[in-house]
Amino acid sequence: MKLPIYLDYSATTPVDPRVAEKMMQFLTLDGTFGNPASRSHRFGWQAEEAVDIARNQIAELVGADPREIVFTSGATESDNLAIKGAANFYQKKGKHIITSKTEHKAVLDTCRQLEREGFEVTYLAPQRNGIIDLNELEAAMRDDTILVSIMHVNNEIGVVQDIATIGEMCRARGIIYHVDATQSVGKLPIDLSQLKVDLMSFSGHKIYGPKGIGALYVRRKPRIRIEAQMHGGGHERGMRSGTLPVHQIVGMGEAYRIAKEEMETEMARLRGLRNRLWNGIKDIEEVYLNGDLEQGAPNILNVSFNYVEGESLIMALKDLAVSSGSACTSASLEPSYVLRALGMNDELAHSSIRFSLGRFTTEEEIDYAIDLVRKSIGRLRDLSPLWEMYKQGVDLNSIEWAHH
């Protein structure tokens, strides 16, 4: 077993060796390096064929028509293109958007930008377990609501929203429904031929493909229109200009192909490892599970250890690559906005750790992690005056701290 142990697969994944090997064939002179938009010679045709194959592989994993897949630079761009693109195109119908407080920043910050441009956004607060109350969603829908954006799997706590029912609700009212599926694609079954989802964002690097490539699903029947955010050569049926990065697209396609083949067995394995991890630490005093194991992705476990400062815990766990909050926001020392939205106090939110498991995680690594967490929590609490006061029965909420 090699240290440190990587348990931050929700931040990014290593590229699968099979994917890397495939990508190498699309870079150099003796490979397929052409521009897929070059229509006048074989180099371009071969590149275009490689892109077509990858587009099919991605469509097959999610039950889409390959013509509904638009390549982007990643899920952040896909979220921007979907939300801004739909809002701008349909703004004559209305200017009201609904999303949730626990969405990824790529969705929340895009909505904030649209608010500056005159749109109105309703931010739904989830229930204590992170799931959106569908009655609240229904109550928020208005005649001028044009777009709902609710993610599939939350990147911090792993809860799974009921995108099938939300899709039915939106379709019945003629509202466009966008889903950020970055954390769920290849981990949970997605069948867009059955789901009433109009726009869906995907990433390459959360599923053992390369960074810098993603896709947006744009439904054809009923046809969804979006306004391009990037202008140029009119690539990707006018929705996203820019020369297609063939090697990255091929890598994403191969990653999605592998995911389709291995998803069922891999998810059962990861669910077992996640449960093993939780069972190994759940009897520590004052430990709380954030999210919902039953309605949760099989690979994410978010846990709060009360009376332990999260950053000091991460330092103590230096042999484990884990995160507090998500990588996209961990540059700030603010407690996780996702956990705050669940109604958690700052102290508990600060003491939370996200463990996310993946394809190369082993049972041996999980057992090592359990042992290390138990020892570290014990050691840090021995040093903590708060823990001592708690053990003496002092109500810490009633204490007035002196300001020196």
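Cβ atoms here come from the backbone N, Cα and C positions, even for glycine.
Listed by Swiss-Prot as binding pyridoxal 5'-phosphate are A75, T76, Q183, S203, G204, H205, T243; the candidate from N155, N275, N279 that the record includes in that site is N155.
Take A75, T76, N155, Q183, S203, G204, H205, T243, the residues named in the record as contacts for pyridoxal 5'-phosphate: the widest Cα to Cα gap among them comes to 30 Å.
Cβ neighbour count for N155 (pyridoxal 5'-phosphate binding site): 28 (other Cβ atoms within 10 Å of its Cβ, all protein chains included). The subset of binding-site residues (T76, Q183, T243) lying with their Cα within 10 Å of the Cα of K206 (N6-(pyridoxal phosphate)lysine) consists of Q183, given in sequence order. G204 (pyridoxal 5'-phosphate binding site): 31 other CB atoms within 10 A of its CB, across all protein chains. Counting only residues at least six positions away in the same chain, the Cβ atoms of T12, T13, G74, K211, G212, I213 sit under 8 Å from the Cβ of H205 (pyridoxal 5'-phosphate binding site).
In this structure, the binding-site residues under consideration are T76, Q183, S203, T243, and the one with the smallest number of other Cβ atoms within 10 Å of its Cβ is T243.
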